[in-house]
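*Asks:* These came from Swiss-Prot, pasted as-is:
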- 27, 28: phosphoenolpyruvate binding site (BINDING)
- 97, 126, 127, 128, 129, 130, 314, 336: UDP-N-acetyl-alpha-D-glucosamine binding site (BINDING)
- 121: active site, proton donor (ACT_SITE)
- 121: 2-(S-cysteinyl)pyruvic acid O-phosphothioketal (MOD_RES)
């Protein structure tokens, strides 16, 4: 059992936050850029890498391929001059969905790849059929048997061929997988209906910094002209827009004034628009700094999650927590993933009034939330419970921290620095009360 598995978060809510928080590097950029480093036969230095369980796991996957990888603070160095095996380890890939995306880079480098089907958060079906069909269009033979995806490029050269590929849906993972595969392919690849997320653009910029020929990233049509090889690079990834959004929502629900640095406001346009819509004031202090001011009244609103540049599905759960205390009735429609509203029942344990029908949540605002024991069911659901706990009267105890640690870089420490009364306790919930009573009181938590 890991530390996160045996830990709980205890939050004494009802306290405003104050101060400054620096946003970490983007989780979803870090994972795929680490996979992208497999395209390069030289040294890749990746900066601004967040300290996350998922990043550690991705490093284990890459190391298992025989690739040299070292980490110091927020810098990861990868040298894939020699990839000793094309077979990724089952026990690691099945725990981390993003590790499957490395199949494009491995296939491009070696002409063969064996990748178990992916794991990650249990938030509905996220098949890899778009990845497979795209690789097949580029000349790969792909078979899936017993949960293992086997791919190879027939012929003596073992090089993928450029192709025109239309994605049925703008899948981020498929766009990234096929873009990586195309960087070393023979000829031109055109991805139509491609994902437009900032992390896709970040991966494209990383590959371009290594010498790839990519145009159109950030639009629905991406054109890649394959090159024979890529060279060494020193690259810094973008800030995490979902972490930034989570702290903005935490500030809003606690009626706080906080400042966020290392952000890209352009990546937060749909979220900022919704926050302003419900009465929150957000000021752009500088090109990479935002300040949120307390709202007198939070108003209800409706949300439809959409692929970028729409409202991000990863902010749906945190924003639902915020709307539990808004005046009036809100409707949240989750249109990106099914089975991503399980946090509603846990928020109701805290006194929220949420009714779920299919992929739609109906949220009726309540005057206050009350602390209670709750369980995080996935990464963003866990963040929603933290946000609700910050506003709830009394103590909230959150289990399931292994989800939270997959995607947030020391969120409890950052919240403590903003004045939150929050503790991570390395004991089962039944014993946590004793530990807190014996060792620390809410008033003595460092702020």
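The backbone N, Cα and C atoms fix where each Cβ goes, and this holds for glycine too.
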*Asks:* I need the CA-to-CA distance for residue 127 (UDP-N-acetyl-alpha-D-glucosamine binding site) versus residue 28 (phosphoenolpyruvate binding site), whole Å please.
*Replies:* 18
*Asks:* What three-state class does DSSP give residue 336 (UDP-N-acetyl-alpha-D-glucosamine binding site)?
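*Replies:* It is coil.
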*Asks:* Going by DSSP, is residue 128 (UDP-N-acetyl-alpha-D-glucosamine binding site) sitting in a helix, a strand, or coil?
*Replies:* coil
*Asks:* Reported as an integer number of Å, what is the Cα distance between residue 128 (UDP-N-acetyl-alpha-D-glucosamine binding site) and residue 28 (phosphoenolpyruvate binding site)?
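*Replies:* Between the Cα atoms of residue 128 (UDP-N-acetyl-alpha-D-glucosamine binding site) and residue 28 (phosphoenolpyruvate binding site), the distance comes to 17 Å.
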*Asks:* In the three-state scheme derived from DSSP, which category covers residue 28 (phosphoenolpyruvate binding site)?
*Replies:* helix
*Asks:* Between the Cα atoms of residue 130 (UDP-N-acetyl-alpha-D-glucosamine binding site) and residue 28 (phosphoenolpyruvate binding site), what distance do you get, rounded to the nearest Å?
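*Replies:* Approximately 19 Å lies between the Cα of residue 130 (UDP-N-acetyl-alpha-D-glucosamine binding site) and that of residue 28 (phosphoenolpyruvate binding site).
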*Asks:* Pop the Cα-Cα gap between residue 28 (phosphoenolpyruvate binding site) and residue 336 (UDP-N-acetyl-alpha-D-glucosamine binding site) into the table, whole Å please.
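*Replies:* Computed Cα spacing between residue 336 (UDP-N-acetyl-alpha-D-glucosamine binding site) and residue 28 (phosphoenolpyruvate binding site) is 17 Å.
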*Asks:* Around the Cβ of residue 129 (UDP-N-acetyl-alpha-D-glucosamine binding site), how many other Cβ atoms lie within 10 Å? Please give the count over every shown protein chain.
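*Replies:* For residue 129 (UDP-N-acetyl-alpha-D-glucosamine binding site), the count of other Cβ atoms within 10 Å is 11.
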*Asks:* Measure from the Cβ of residue 130 (UDP-N-acetyl-alpha-D-glucosamine binding site) and count the other Cβ atoms within 10 Å, all protein chains considered.
*Replies:* 21
*Asks:* In angstrom units, rounded to an integer, how far apart are the Cα atoms of residue 97 (UDP-N-acetyl-alpha-D-glucosamine binding site) and residue 27 (phosphoenolpyruvate binding site)?
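*Replies:* Residue 27 (phosphoenolpyruvate binding site) has its Cα 13 Å from the Cα of residue 97 (UDP-N-acetyl-alpha-D-glucosamine binding site).
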